[in-house]
């Protein structure tokens, strides 16, 4: 998903697989293998020996073990060191894939490894549960969510954060994305985008969001001449709603909502066709399983059929600013100056992700389901 989206948007992509599966894990069954930490490092060494590591952006996501996360972190740090001679020429987008809805997909030892990598990332893309794990703050309201964002900036010195898939009790029919770019004092500039939730279970949306964010953020910072600035951070006087990160998120949400709405419509039509006389597979003793597989297939994201929505999204949902009490005082000062464009158009390594498992009953099952958003690094 992620490689296809970025390539469709005109980017050159080098993909290193962290798993090789027959299908995504939303089907609850698959065949394939996980990539070991040694193999990940070996593949990167192959790129290095042919001088193929002139990447502008690294996008990383699911890793099958703590050792694999360490290997991916080593790659990121090597690329960051290579780009250190030219400010703004390398940017790491880290999707810390660990779990969702209160459940870990990975072993517990992965969590501290991700925490050790956060200081090297330029942008992180946790979902609500992952943001709770990293910030150690339970998110139950906008106030606690703002506290979590502020702590991620202050504790780990992360320049940019977007927290996805936010569902709060105060607005159950709304899905929110909340992001922030830090000021020079590491205080947050928080924006929020609300979008109507679509009543359907999709697989691969994390991939699509991450890939589109890479493309749209690069586009946004180029428009305001920030590509020569460390971590692409806007000056302190830029309002939350005017941040390149906010502008990028508006386009990302526009594309995703259009594509997922069309997917839901196609899925409903396909399921209606299943409502007639039972076919051969439904008459078999495992008909419930077969029906579930067909329903999962019907909900496959129709991204290939919605290329115009990828390239030319409607921005019906705009970012709005959220101010914390301590941020209501005046701010002044500027971020590090710098202009220019760095590197080639293409983007670096990326990771594909997959569906969230619905069950995690025992250790054996967990070992299969921990590939939840498995794919490419």
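Cβ atoms are placed via backbone N, Cα and C, with glycine included.
Caution: TrEMBL annotation is automatic and unverified by curators.
Mean pLDDT for the domain 'Pyridoxamine kinase/Phosphomethylpyrimidine kinase' (91-212) in this predicted model: 93. Among the features that TrEMBL reports, domain 'Pyridoxamine kinase/Phosphomethylpyrimidine kinase' is placed at 91-212.
Annotated region 'Disordered' per TrEMBL: 271-295 (among others), in sequence order.
The annotation compositional bias 'Basic and acidic residues' is assigned in TrEMBL to 281-295 (among others).
Per TrEMBL, the feature compositional bias 'Basic and acidic residues' maps to 317-329 (among others).
Among the features that TrEMBL reports, region 'Disordered' is placed at 317-377 (among others).
Taken from TrEMBL, the feature compositional bias 'Basic and acidic residues' applies to 353-377 (among others).
Across the domain 'Pyridoxamine kinase/Phosphomethylpyrimidine kinase' (91-212), the DSSP tally of helix, strand and coil residues reads 42 helix, 33 strand, 47 coil.
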